[in-house]
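What TrEMBL says about this one:
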BINDING   B:His109, B:Arg110, B:Lys125, B:Lys132, B:Lys133, B:Glu134  substrate binding site
Amino acid sequence: MNDRDGDPQDIVKLTHDKLSADAVSEAVVCQSCGAVSMFIGTTRNNFEGKKVVQLEYEAYVPMAESQLKKIFRDIRDRWPTVRHICVHHRLGVVPVTEASVIIGVSSPHRRESLEAVAYCIEALKANVPIWKKEVYETEGSAWKENKECLWAGSGQK
Amino acid sequence: MNDRDGDPQDIVKLTHDKLSADAVSEAVVCQSCGAVSMFIGTTRNNFEGKKVVQLEYEAYVPMAESQLKKIFRDIRDRWPTVRHICVHHRLGVVPVTEASVIIGVSSPHRRESLEAVAYCIEALKANVPIWKKEVYETEGSAWKENKECLWAGSGQK
Amino acid sequence: MNTEVLVLYFAKSAELAGLKAETISVPCELSSLQLWQELVSRHPRLSVLREQVVFAVRQEYVVLGDQLVRLQAGDEVAVIPPLSGG
Amino acid sequence: MNTEVLVLYFAKSAELAGLKAETISVPCELSSLQLWQELVSRHPRLSVLREQVVFAVRQEYVVLGDQLVRLQAGDEVAVIPPLSGG
């Protein structure tokens, strides 16, 4: 049980360990909040018919952390009642169906945390310097490009 | 790891046990989905200045289950790419900050599951026969009324 | 003609009626409002719920009013105060 | 006047350059496009990224173009291919 009701918490973790939805939900739950909204990004097993066996993530770690904190500030500007925000992003090898990112947001009422989580994953994909390479069963590997990233090529959009 | 990619799963559990975000996320994750969205309703510690020490939930169990299945059908009509849907709702005594409900929805892309989760909690509050009584530290207890419920009195809205 | 149905009371209605379930004999066909009045005559304290209650007849919601409810032996009728799940 | 900065390569740019980091000597003031040309002259294979890359200078994004980049000794410049986190 987490009763850090004093100050809003901004929590970022980039880790090679397996992610846990319980860990993120426990990081943001608070006594004055009725709502926790979460988003979990998982590895899909195929891309354009090619079988994906795993993904590999890398990050520009200090900048990824500072960009996430910037997103958190934007969330607090837009939804001032948001309480705690937590992003856990996995790095290194992520097997198919395991989580690559888990976002959790708590708020007294549900609308704010639901909207904030949707905003957070959108902004993360557009702005946070993290990259993933898909490793295919038969045809090598490819660096992916988020369609939300402004300088992504049109080929993969 | 859950690779039930064959048929979409509709999962409902009404339970007196403590809920787990990991259990719900594992129930809906699938190999062809990139997104799991979740909503967790938790017990708040106050209502109009009165300190809430715990909540007690009761349900018309068979109808709660059939109403949830009806909501799931509506979700699948609106967002046909939604994959698995899971609702765990707790019954009996729920201490402050513990989850009373956890909803999880998986989909290939994130928009559908984010929208479906928001829809599901709204529809649950409006239509599923479950009731909660808030037990206050000093002044007895009160049955709550969801503002989403069409026949709720205006007093508590 | 009358029939026996199982009436379930939940939440505040159970507190007011003082019980959670009972089997009663009611007409096979009556309006939902008449059914409500039947229950209130048995448990007068229920009357405060009049404006904030619906039935579930065989697990389908029915509002209080003129609409006819047809009942068969063994049917389940639930008294549904305002919901507060979630 | 030149200064020494640390250049970091990520994802596809690291594969093309064949390294993840290097310290290079560059003018204290140059356009971001000139900085890119500096890197391409060292690692010609990077040129395929021209239309799909930005810099992060001291952890702030800078697009390739005429805008001036001022660098001091020890500054960190990162080559940022299209993002794919999440």
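Positions of Cβ are set from backbone N, Cα and C atoms, glycine also.
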Which of the listed binding-site residues (B:His109, B:Arg110, B:Lys133) has the least company, meaning the fewest other Cβ atoms within 10 Å of its Cβ?
B:His109
What residue among the binding-site residues B:Lys125, B:Lys132 has the most other CB atoms lying within 10 A of its CB?
B:Lys132
Helix, strand or coil for B:Arg110 (substrate binding site)? Use DSSP.
helix
Give the sequence-ordered list of residues that share a chain with B:Glu134 (substrate binding site), lie 6 or more positions from it, and have CB atoms under 8 Å from its CB.
B:Phe47, B:Val52, B:Leu55, B:Ser141, B:Ala142, B:Lys144
By a three-class reduction of DSSP, B:Lys125 (substrate binding site) is assigned helix
Go through the binding-site residues B:His109, B:Arg110, B:Glu134 for me and flag any whose C-beta is under 8 angstroms from a C-beta on chain C.
none
Go through the binding-site residues B:His109, B:Arg110, B:Lys125, B:Lys133, B:Glu134 for me and flag any whose C-beta is under 8 angstroms from a C-beta on chain A.
B:Arg110
